[in-house]
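Asker: Questions regarding the structure given below will be posed in turn.
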């Protein structure tokens, strides 16, 4: 172990005793901390781009494949279901083989599923199957957050997690703009027929995802010290890591909260363009721009959530992180209720902007807490929380938007009510060394050198 005096020679950023960076400089590409950051967000950006590359072209795909509204709805749910299982598996995978190999392997395995849109999809069943398989790639979110938690120390880990995930989530908005553009260029410049142009369009997200995976494998590093980059699989078995993670109730509570922040965000990504198109009569291009703006707000809103979490922790400790998460997610729920009740176009757009910022910031605040739940089973906790996000999307999509029991505006308001109610269990979270929302710590943190591993 190098001494404190030697560490500045090893790293360009100041580090703590675990060699995690104590500052976050997103415009730097210094190795290994900031290089890992840029590889992590770019790789996940490619996965979001691929997963949401299909909805913008659904209008032309449905004609060729004779898709019904039910087929399209089932395909949307299928993409989330695939992500639930893969996120659960990704946590232990990161614990055992490290985020670099786990992330790159998943990207390389799912890129052919994106490419299958070009050659193999010729029926509604095949379309649903491809969306299911492509959705697996979103498990790279777990690797993304695990990697940042391995590279950055407590005072800045919320910000690092927020920016890495926020910049990556922008991919879901960028693809809404880029995929129709690629499709149009192929038709107008290369004079391809529509049925060929949309298929060829999917070669771009498939290639993009594969290239980012190769970059991660080539230039990535699991931990700050190369000597320690290989996970110590001999120390604890998979069963032990899983057991200590699954039995930690804090992980389950955070999974529920994330289900009604990120899960609601995913559901909104699926329905918001159609909502504005149907309710206010805007054309499909304008509806697409509104939908893109919702996703692209992640560029600053999720990082802001991480920054707020870190700042509240500096002032008030863990209590600040928890109260901040509750407050922001509750405000998001209130704005979601309002979105379904506003009757004017511009009023709805303004409320939607406030809702997008707050719901995405809540996701950043959630992962400002996750790194402190369990050092031993960080990957499992990250996987549980991440899976909660996609599970929440499945629940809200099936209960509120898969049939005509409610109008879309009523369903949106009910989704806001669910957010507020499902945020309340955060009051149950308590950390012995740091306390909870209403209680202080139960023992002195300085009495142990491995304090938060004791929580697992």
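Quick reminder: no glycine exception, Cβ is built from N, Cα and C everywhere.
The domain 'Major facilitator superfamily (MFS) profile' feature in TrEMBL is assigned to 36-428. If you look up TrEMBL, you'll see 39-60, 101-121, 128-147, 167-186, 198-220, 249-268, 280-300, 320-337, 349-373, 379-400, 412-431 marked as transmembrane segment.
Can you tell me where each of these features sits in this structure?
Answerer: For the transmembrane segment (39-60), the list of distant contacts is 67, 72, 75-76, 79, 99, 103-104, 107, 110-111, 114, 117, 130-131, 134-135, 137-138, 140-141, 143-144, 147-148, 163-165, 167-172, 174-180, 183, 194, 198, 201-202, 205-206, 208-209, 211-213, 215-216, 219-220, 269-270, 284, 288, 295: same-chain residues at least six beyond its ends, Cβ to Cβ under 8 Å.
Long-range contacts of the transmembrane segment (128-147) within the same chain, counting only residues at least 6 positions beyond its ends with a Cβ under 8 Å from a Cβ of the stretch, are 36, 40-41, 43-44, 47-48, 50-51, 54, 71, 74-76, 78-83, 85-87, 89-91, 93-94, 99-100, 102-103, 106-107, 109-111, 113-114, 116-117, 120-121, 161, 164-165, 168, 209, 222, 367, 370, 378-379, 382-383, 386, 389-390.
If you look at the transmembrane segment (280-300), the same-chain residues 6 or more away from its ends with a CB under 8 A from one of its CBs are 52, 56, 59, 165-170, 172-174, 176-177, 180, 268-269, 272-274, 345, 348-349, 352-353, 356-357, 360.
Nonlocal intrachain contacts for the transmembrane segment (320-337), taken as residues 6+ away from its ends with a CB within less than 8 angstroms of a stretch CB, comprise 158, 257, 260-261, 264, 305, 308-309, 312-314, 351, 354-355, 358-359, 361-362, 365-366, 368-369, 412-413, 415-420, 423, 426-427, 429, 436-437.
Proximity of distant same-chain residues to the transmembrane segment (349-373), defined by a Cβ-Cβ separation under 8 Å and at least 6 residues beyond the stretch ends, is recorded for 145, 149, 154, 157-158, 161-162, 165-166, 169, 248, 250-251, 254, 257-258, 261-262, 264-265, 268, 272, 290, 293-294, 297-298, 301-310, 313, 318, 321-322, 324-325, 328-329, 331-332, 335-336, 338-339, 342, 381-382, 385, 389, 419, 429, 431, 434, 452, 455-456.
A Cβ distance under 8 Å defines the sequence-distant neighbours of the transmembrane segment (412-431), meaning residues of its chain 6+ beyond its ends; these are 249-250, 253-254, 256-257, 259-261, 264, 267, 271, 275, 318, 322, 325-326, 329-330, 332-341, 359, 369, 372, 396, 400, 406, 437-439, 441, 452, 455.
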Asker: Same-chain Cβ contacts of the transmembrane segment (379-400) under 8 Å, 6 or more residues past its ends?
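Answerer: Non-local partners: 73, 76-77, 80-81, 83-85, 87-96, 135, 138-139, 141-142, 145-146, 149, 241-242, 244-246, 248, 250-252, 254-264, 266-267, 270, 363, 366-367, 370, 373, 406, 411, 414-415, 418.
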Asker: Could you pull out which residues elsewhere in the chain have a CB under 8 Å from any CB of the transmembrane segment (198-220), counting only those six or more residues past its ends?
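Answerer: For the transmembrane segment (198-220), the list is 35-36, 39-40, 42-43, 45-47, 49-50, 53, 57, 60-61, 64, 100-101, 103-105, 107-108, 110-112, 114-115, 117-119, 137, 175, 179, 182-183, 186, 192.
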